[in-house]
């Protein structure tokens, strides 16, 4: 045994003791656990969360070890914390085990959380002793065994395991002593007897049992003792008999203890075996920490610390004590007092969970001890307040609260905005109305009696006004598409945009708005528009415009969100269920932003009829009569709502406005309801409690519940019961300060079904914003009598008028939205107030940029008007917030207005002014912003000392400057910061070194700042000293080298030149004018800045001399305030040394941007021009700014559209630019001397924005963002028109027929039902005749291509996204028939193999899209003598059973495999040599090796997309038209084949790959296909999983440069075992691909045959509009099938291509036809898109018209059919604008 650690510890002035009681804390246990759960979500409480998780997992494991009878006592366990509220479980059979676990969990969660908040307190535990009573001793064991806070999770879980096992074991043993009735109230196993001594009590018991025959195990005994009381324990019946029958005990004051779990502290019942059973090794994870690491634990039986070897034995000792030893707390108190008396301590800190009698006894004893200790009582519960912290980061996304940051709606009653919706609610409006005519004709579809078929019994509903209103061009839809697209989708798009706009969303602005991390989730339960409106005339957009998945998909596509998009249908709860799914995605971390909502637009009369028939609907003229006694069903309603949700911490980081916070959400199902459509109160209550637990919310803290409240008797009463049970129970009543209000929006807006939950959620958010609960208008007679009359007792209220719902600082408002669906789903969501926000300081900028933009001028005018109205209503709005909201938090469109302003009044005035000019605004081209030129100012433009506000306000600019200053000081130069930061007066003169470095470095920093806010230069120019900054920004020199050159040059100037000896003078004249006016006086030109701007330099005397005649001539002369005369002879003394320094110390690189050189008067692009000599010359020679600009303009480097930004302290170069290039529209300064930086910058930024430069507004505002607020400005003003397909007539009443079903039976019945031969491609023999004497036969088979294996084989070879029968399918058919015929005629031998020869495919066999219809082919095999071969013919069969012209022919010849291999052996070494050569070329980098994935990806992108089974090539080597491949055949088998097509293709389609993927063929313009081959033979079977090599070389023919031939060799283990000889390929223009390979039932083709005849195809991209006369057509009809593109060497004569020749011979249209064709094409486009011809301006893009891929196909097909212009849909990608297409048409037909 080891010694206890108290003997070895170093004593301190303060001793610590942790006391773990056997009683629960006085605080409400549910509330305690709720707080623990809430705090476990925070990042600082990871150990707390881990303990709760470990404890939960531990009890789950223990429950699994129980008998099934006991397991059934437990409900599914989410968290051990939930046991606190399970009263049934706590009062049941295992109450001892349950309460033991809960006590430990309560103590451990409190302790761990306390230590995580106060980590230093772990040191107190390390030196403390531990005391406890009962199960509390197990908590002490856990703490004793832990060395760190993290250890407490594992040791605490073991304490939980021990307590549970102990409780279960005690239950089992106690049941053997006295079996209790589980249905009766639990009875106690212990009484405390007061005012008696242990001796007296024991004497009484001894006397009582002296002559008793009771078994010892049934006797009452003393289980705990103290000086003045004892606790007696025993079986309940025996114990009750004792205290009522014994006079001694009856007359003593006794109290029944809450001990219901069984007997403990009973040495006569338990022994070591019982201890061992509890401590069994199964799943016990206590780490055996040595005794030296343990804290001392005081034994309650001996009064001394346990003497143990390790932590496990400590647990075992405590278990033994709890089972077999009586409690003697007095001895513990005495020992602690005695121990402390031996120390030097003057103070004892007792950590505990609240006052208790044992703890008070200990405190009293310590205080009265001789040591007179000061006792400090430290309550561990103190850290856990009643309100959870609001500003602490969550532990991970699962623990995050969620913030709703944007919302928008379209609802009945004219509620087309959030504000109008609130107005409807506030005024208590019932929005029901007669069904409007745009939905359907009520007169013909209404029958109140319900006797007429398919008619509705109600004529009322709640409807959105004009649901067809939509801005189609804004959302890139054509009018035709917009009209077809379901208005649910359209309004989802619109409300999503508005919600995102309210949220201040800009793509990729922050981490949470990355496009890849945004998903959409929308609820939709009906497809009315598709079923009725669209269904009247099914068109191109029927599927993408009507199928539900396209709703959220369209939102993702429009906004380019790359996250998930879900359409969710849970009936009436779809909307809120979609929001809940979005929340779960945010909690899981799947997305960072969710756009979610619900949609419902009613147009189908069947919905009304069906719901009336199911008794769902009210017949009256009212919205839902929610909670009314006469409620008779609900009123159907429209509704569309969208919300934007983020995690709360992201929303706060993003500076979003938070409308409300989601604490929890969940969905379950009413599985026990009486019917699927009937709600269930129990399941709704279960869900509510579950979500409340997860959210950590006390139900009594909920102050408002928005109920589903449909106005049905069943739904309302069930829902109300669930709400009352959870939120307003009678068992635990609400206080007067906790009123609960309930409401239901359906009383106003009707039941919008799949949008109902979204509507309710928006209502609650508006209530939070407005601090008012709107009146409930559903009760018009009296309240539903089923609800009872105890609302007052429950403190529950229904508001019948506007009721205040104020926010208070000390208490958050919590609301619940409850929603359920007719399919049985229930969804609940808990919300609370947004956290309060405060602004610490205001924006230091005085001038700001406010912008407005739109896609149309109409919208822009309306946007301006809306902002003016907003300012009128909010005159106190801060201009900084308007700027922030309109710039950084709004999408920017092509029509733009920008205003630089400093006050609201000025802004409003400017808005009026700009409104009048909108007519003249031109749209910017976002894809082509104007080029930007940076001009860098030279010396002398600024004050001697600057005070840059940009340096003061912007950390990034300041950091740029500091980095440059650090480089400056590192090179030994003086810091230049003092010349920029305002620390000196503006006229303070600095040294030349500081002045020049300050100028260049501030310009570098300024250029980088412009770049950081999105303004990047395309070209640069520097004036004099500014050229160094320009060179750095262009990438010629590094910043360090720029500083080196400028600093050393300035030093040399100081050392070699005298300040003031020379001057520079600006003259407002040209050099010629100066020459004429100089009167012969000499002068030096330093700078030629413009046509009339020249700077002279010279000695002081020279300048004075020249100045006089110049001024006399009327020329303006200004002396420049510079220390030295640059570009003059004054600099001569330093030139040699300066050049040497530059040559040895600086690296000059190739410019990354063009540099306009004022020295050379030209633009520099190369790496050699700027060097050491250049900077020498630039110091001495003249600056010719004029010549430089002229040269740049001449070569096109700059132009009139170039935007100039001057980088420097004052605009100088801008004037030079304007005078030299008058066409320049914008030349803008960065700073202006004497003007605040932000004023100048704002003015320039505003102008840059209006010409199309994309400003990074987020970066511009970043330094000030926390002081800015996103305003809820008016939404974008859409330019809406009505797009609506009206339901016509009454066909919904009369629909139904069986015509198509009967037709299908006829067609399906054409094939016989049985067949002697049946494979996947040879399915039915319809005729066969054999003559064994002559060897003749005829066999006719038919196969349906729609048979799954056949169809899969075709779709395994996809071209133009269609399944195409590869030639290898025809090969398999041929092999199958050959083997069948030879076997039938008795001529099939062991080594017999078959040669499929002379295959010619004249038409492609393309699979139908509609697989419901059969697609039958017939193959006829015939021969007069099988030894001479068999002829095969392929034909299509139509629905009537008639055969079409043959589309393929072939012949079959038998051969001997060994003969073939022998004949090929002479070629083997040649083929192997070519393969080795190809491998060598790869090693030399002259050939390409492609991997499996790369090869097939390339193949798919160029022509054929193969299924996995076809993808046998593992690697490919390609060199021109020659190649080889390593092949491994698939082992995945399906179907019945003779030679599987995917085996043939795998070994042979190398030829097709070469022809379509080699760089020898232009795959962008052409594709290559094969009509067949000469022979195809395999000497060995093709085996699954076997490996082969293929080799081919394709050779163009001499006769036809579009025809190629080759031989494909197949090798196995170096031996040729197969040959596809004479495979043929022809090259076609890619524009023909769609024409040749489209499904026969495709709607965009006029050819409806089963195969695609390409005999009329052409190589010309645009065939003529005039038809060829019949006489010109060729008789031959050779056509080429897509199939297996293989190919090979060995030229032979090309097959005839008369069809191609015929088309090539067509005449081009004459020039006079071109304009006609162009005009007709434009009209066709206008008709298809649904716009006026006048709208098709040249600069209009097809994407702007809504021409997507589908519309492209439609227009292309219309061109083919009407104009005979054969194009495909990619035409509108190649020619993006109307003008581009118009030019192409004109050029083609000119």
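Backbone N, Cα and C define each Cβ position, glycine as well.
From a predicted model like this one, the values you see are computed outputs, not experimental measurements.
The Cβ of residue 572 (active site, for beta-ketoacyl synthase activity) lies under 8 Å from the Cβ of 525, 708, 710, 751, 753, 754, 756, 819, 820, 821, 822, each of which sits 6+ residues away along the same chain. Annotated active site, for beta-ketoacyl synthase activity per Swiss-Prot: 572 (among others), in sequence order.
In the three-state DSSP classification, residue 708 (active site, for beta-ketoacyl synthase activity) falls within coil. According to Swiss-Prot, the feature active site, for beta-ketoacyl synthase activity maps to 708 (among others), an assignment based on sequence analysis.
Take the CB of residue 751 (active site, for beta-ketoacyl synthase activity) and look out to 10 A: across all protein chains shown you find 33 other CB atoms. Per Swiss-Prot, active site, for beta-ketoacyl synthase activity is recorded for 751 (among others), and the stated evidence type is sequence analysis.
The 10 Å shell around the Cβ of residue 1357 (active site, proton acceptor) contains 28 further Cβ atoms across the protein chains shown. Per Swiss-Prot, active site, proton acceptor is recorded for 1357, and the stated evidence type is sequence analysis.
Sequence annotations record features per position, and here Swiss-Prot assigns active site, proton donor to 1545. Every protein chain shown contributes to the tally, and the Cβ of residue 1545 (active site, proton donor) ends up with 30 other Cβ atoms within 10 Å.
Taken from Swiss-Prot, the feature compositional bias 'Polar residues' applies to 1654-1664.
What Swiss-Prot lists as region 'N-terminal acylcarrier protein transacylase domain (SAT)' is 27-265.
Per Swiss-Prot, region 'Malonyl-CoA:ACP transacylase (MAT) domain' is recorded for 934-1254. For the region 'Malonyl-CoA:ACP transacylase (MAT) domain' (934-1254), the mean pLDDT of the prediction comes to 95.
If you look up Swiss-Prot, you'll see 1357-1631 marked as region 'Product template (PT) domain'.
The region 'Disordered' annotation in Swiss-Prot covers 1644-1667.
The DSSP secondary structure for residue 1545 (active site, proton donor) is helix. Separation of the C-alpha atoms of residue 1545 (active site, proton donor) and residue 1357 (active site, proton acceptor): 10 Å, rounded to the nearest whole number.
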